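**Student:** Attaching a single structure in structure tokens format; questions to follow.
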Amino acid sequence: MNSDLDECPVLLFANRIDIRQVLPHRSEYTLLLNNLENAIALDFHHSHELVFWSDVTLDRIMKANLNGSNVEEVVSTGLESPGGLAIDWIHDKLYWTDSGTSRIEVANLDGTHRKVLLWKSMEKPRAIALHPIEGKIYWTDWGNTPRIEYSNMDGSNRRIIADTHLFWPNGLTIDYAGHRMYWVDAKHHVIERADLDGKNRKAVISLPHPFAITVFEDSLYWTDWHTKSINSANKFTGKNQAVIRSKLHFPMDIHTLHPQRQPAGGRNRCGSNNGGCSHLCLPSNKTYTCTCPTGLDKFLLFARRTDIRRISFDTEDMSDDVIPLADVRNSVALDWDDRDGHIYWTDVTTDSINRALWNGTNLESPAGLAIDWVTHKLYWTDAGTDRIEVSNADGSMRTVLIWENLDRPRDIVVDPIGGFMYWTDWGANPKIERAGMDASSRMVIISSNLTWPNGLAIDYHTERLYWADAGMKTIEYSNFDGSGRQVLINSQLPHPFGLTLHDDKIYWTDWQSKSIQSADKLTGLDDLLLMNICLVLLYSAVRTPCTVNNGGCSHLCLLAPAPKLSSCACPTGINLQVDGKTCTSGKLLSYLLNHSPCCTHTLLMLALNYIYWSDSTLKKISRADVNSTRYEDIISTGLMTTDGLAVDSLGRKIYWTDTGTNRIEAANLDGSMRKVLVWQNLDSPRAIALYHEMGYMYWTDWGEHAKLERSGMDGSERVVLINNNLGWPNGLAIDKAGSQLLWADAHTERIEASDLNGLNRRILVSPVQHPYGLTLLGPHIYWTDWQSRSIQRADKTSGTNIITVRSNLPGLMDIQAVDRERPLGFNKCGRRNGGCSHLCFPRPNGTSCACPTGILLKGDGRSCDDIPETYLLFSNRVSVHRISLDTSDNTDVHIPVPELHNVISLDYDSVDGKLYYTDVSLDVIRRANLDGSGMETVISQGLKTTDGLAVDWVARNMYWTDTGRNTIEVARLDGSSRKVLVNNSLDEPRAIAVFPSKGYLFWTDWGHIAKIERAHLDGSDRKVLINTDLGWPNGLTLDYDTRRIFWVDAHLDRIESSDLNGKLRQILVSPVSHPFALTQVPVSADPLNHFSSLTPLLSLTSSFSHTLLTASSLTRLISFILTSVINLYH
């Protein structure tokens, strides 16, 4: 915040699409936050330098720093129309009104420990104001009975203080010094005041359509919808009315930003230890109250398709609140694990089972729905695949339990005490079945008079099974074996769906009436409508054979009915040995389903217990272990369309093709030491396969001239094997035992084979509808087919005996086979990494050493430097990249500098090896090492739009232009000794450059009269060099040898140069599409001759295109500079 806020009040107001500040006496008007949807209410926390606002379109409460940085969601669920907001600056609490839910709620400033505070006799609560010094809340309600009320800040001692002559009481503010409150009524067109108890009420001013109001010292300030303005008047008389600011978009809430509006003298009733409270400590008059967040103890969970809610039994109204879960599309079934506080739910839109902590954090997607709370297993039904599956509660060790004779399995419940599971099936022959929790002893217990049996619930006390039938419109129960069947409720229920039991009550949801209802579980009477809203839920330590040493099982221990009590099971793809206890690895197929029609995924499973896959929508390569318990992104930058993926399990490398960048790359399995292997003469590289023992990699290319190629695994000895009669060669596999190459072609609809040199070509299977992925396992080939949505198998030598392995798999993509019993073999680079310092690659005649992308191998043929000799640095707003000029591939390498938001300018200090950059979203200047480490902020205040930055590497200073403040400033490289050099006759200063040996500073200005200027490095002797025939002079660079200036003009679309006095001007390149920044590259990098006459090569970036840089992934380039270890000019 600016230091002058202590002297001058600032009006902070919401303008729907933005939040702005205005100085009331000078009408100075500045933007704080923009690109908002519908900001209505706001407040601030002065000592924490935070602003809070509500958005009634997004139904969110947000916060940010008072300088506009660090925007965060505070409350993102359970809001309908949050029209009022107030901050308790003493106890650090957030209060808000919601006219949609008819509630007043409270939470910590970060949104945690949220509690419904007031709900009774509440219609449309609107404005809210706090008096934390007195421990009071004041609010307006413009429902059918408009009124103004107050209560203690814990919700107690509620009182109506005004309920006559009110219609639309909108704004409300408290005059702390005058012990009064002021409010506006938009219907009566008036501002009124009263004492804090409602007495001595008086009209102050008549107005068109006032909305919000604030007070400071002797003045009132308000927003008006009709005049679209901010106005002021004397708070005592209503006179001296003035327009502070007019022609606003849609002025909403308003506050005076000043320490007097949040006096620091109030006592914190909760003290330094939160009043000894475990959760919420709320002030109450002169004392405080400990209270709990809504729904912390007893609660009912229910799914409402797009959200999951909780009805608290802690409050009299049994109010509901939304569990803050992201991306709930269509939740149907849910369950709760009391041991670790996880909610589990199924989503039939995303075809997933998800879990999260009850507060919405740690969201996961294991494969799930019923919880075995004794052994901590997750059971679920899948009506799409007609299966019942089980896994550990974290989704690991998943296995299929039942897959035969299932039609459309729906709900499932488990009885860990008896060892049984029960499920409903509403297929062609609706039924309710049960089996042991290990799938043993399966039997149908109910098969007549059923239509759509939905929800199931177990009453462990009476040993009964309850179910809801949406077709029969009933709720029924029976004994666990199906005997003793009785109809509990037969009152033509519209569409009962979910079911649960708690104490002596049964609760159910109804899809048609969108409600939750309850009744007595024994009689069915006392039917009660709880609320209008679709599934429900609520919950003894039990000792089982699985409790001790996992029942002796190596993997899964599943409960079973007596006398067996338990049995061991293995995850899918692993076999149970004859001892009935131990699981061993075997052979398996792994395939990937893509549920997005816009992108391509590739999957590979290897023997090192990791699955690797690419996602071309997220532009990432990721991996997880086979139990899905460890997940990480290994490549997350510089990818476009990663269509092919292959893992060298022996050499511990991952290889991939990218049809977007037309490159083949490799890296270590963790993504480190990334290297471009092939980049020339590639059109659309697709599938890739490796033969480590031979040192070869093979790939298909289905560009304009489709072909199948081979090279060494280091990219050497490249040769085209096949380039005729190919269309869309997709899948590729190597049969090492049969010494043959196999590929699938979706255009010719064939699977073909040849020897490893591309000779002896033959058709193996034809026709094939649309083959995509291809793999081998034992004597068979397996492939995925997009058209038939199936996995097919055939003999690998003859192509005969074709069978369908799996069908009905929409979104089917790649497939890989894994034989864990097959030994890995000999690693050619295994001994001391082949003697290489960085990368070792197999090749046909041995191995070769290599360096990461952009770095040349040293003369010893084995070692590498850490960075290139000469390279370009550039930013693309949210990241910084490097392009080596030592190698010919021109590949950009991401530099992992953290927390980048909008980087505009950058420069490099060769002495300390530091990168300096400006971020105009955060309004900071920062520096970092060239590996991205050691990031620190050197200038953090008093910046608005720092468009240009230059480092004086000799005097150890940095210079910058600020377009927002129209200044040029200088400071030491650590940010100290800051000084304004130029602050007059600047319109929009942009690029800046220094010439230390001459003592010059140059800059461009593309304001109303564009110009290029020069001054001494102390700001003296300022001179305009060029002010004619300029449009938008953007980038600026200097040639220290020829002593010339170079600049780009984004309006005239050209590159020009002149001498250091602005003379001898010449156009170098025209046209250039919207150039932004430029630097120069000397032809020679000989440090002994760097003052000789050199011809520079110019490199530039453009908002829309770029020259010299050929890496096609570079987009929205903003700035880049030349840097060198030799550092010719620094």
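Cβ from N, Cα, C; glycine included.
Those TrEMBL annotations? Automatic predictions, nothing curated.
The repeat 'LDL-receptor class B' feature in TrEMBL is assigned to 49-91, 92-134, 135-178, 179-206, 376-418, 419-462, 463-505, 695-738, 739-780, 956-998, 999-1042, 1043-1084 (among others). For 269-303, 545-584, 828-865, the entry in TrEMBL reads domain 'EGF-like'.
Provide an account of the burial state, proximal residues and distances for the features listed.
**Tutor:** As a whole-number mean, the pLDDT of the repeat 'LDL-receptor class B' (49-91) in this prediction is 91.
With DSSP states grouped into helix (H, G, I), strand (E, B) and coil, the repeat 'LDL-receptor class B' (92-134) comes out at 0 helix, 23 strand, 20 coil.
Same-chain residues lying 6 or more positions outside the repeat 'LDL-receptor class B' (135-178) and placing a CB less than 8 Å from one of its CB atoms are 84, 86, 88, 91, 93, 95, 97, 104, 106, 117-118, 122-129, 184-188, 194, 196-198, 201, 210-215, 222-223, 235, 253-254, 260-261, 263, 269, 282-286, 288-289, 291.
Counting residues 6+ beyond its ends, the repeat 'LDL-receptor class B' (179-206) has Cβ neighbours under 8 Å at 127, 129, 131, 134, 136, 138, 140, 148, 150, 161-162, 165-173, 212-213, 215, 220, 222, 225, 233, 235, 237-238, 241 in the same chain.
According to DSSP, the repeat 'LDL-receptor class B' (419-462) comprises 0 helix, 23 strand, 21 coil.
Listed as Cβ neighbours of the repeat 'LDL-receptor class B' (739-780) (distance under 8 Å, sequence separation of 6 or more from its ends, same chain) are residues 587, 589, 591, 603, 687, 689, 691, 694, 696, 698, 700, 708, 710, 721-722, 725-733, 786-788, 792-799, 802, 812-817, 819.
Residue counts for the domain 'EGF-like' (828-865) under DSSP, helix first, then strand, then coil, are 5 helix, 12 strand, 21 coil.
Outside the repeat 'LDL-receptor class B' (956-998) by six or more residues, the chain places 905, 907, 909, 911-912, 914, 916, 918, 925, 927, 937-940, 942-950, 1004-1009, 1015, 1017-1019, 1022, 1033-1038, 1040, 1043, 1045, 1047, 1060, 1077 with a CB less than 8 A from a CB of the stretch.
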**Student:** What residues in the same chain, six or more past the boundaries of the repeat 'LDL-receptor class B' (49-91), come closer than 8 Å to it by Cβ-Cβ distance?
**Tutor:** 1, 12, 14, 19, 31-33, 36-43, 97-101, 107, 109-111, 114, 125-130, 132-133, 137, 139-140, 153, 253, 257, 262, 266-270, 281-283, 307, 309, 321-325, 360, 921-923
**Student:** For the repeat 'LDL-receptor class B' (376-418), what does DSSP give as the number of helix, strand and coil residues?
**Tutor:** 0 helix, 23 strand, 20 coil
**Student:** For the repeat 'LDL-receptor class B' (463-505), what are the DSSP-based totals of helix, strand and coil residues?
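**Tutor:** Each residue of the repeat 'LDL-receptor class B' (463-505) counted once, the result is 0 helix, 24 strand, 19 coil.
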**Student:** By a Cβ-Cβ criterion of under 8 Å, what residues six or more beyond either terminus of the repeat 'LDL-receptor class B' (419-462) are in contact with it?
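**Tutor:** Answer is 370, 372, 377, 379, 381, 388, 390, 401-402, 406-413, 468-472, 477-478, 480-482, 485, 496-501, 506, 508-509, 521-522, 535-536, 558-562, 564-567, 569.
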**Student:** Pull the DSSP breakdown for the repeat 'LDL-receptor class B' (49-91) and write it out as helix, strand, coil residue counts.
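**Tutor:** Taking the repeat 'LDL-receptor class B' (49-91) as a whole: 0 helix, 21 strand, 22 coil.
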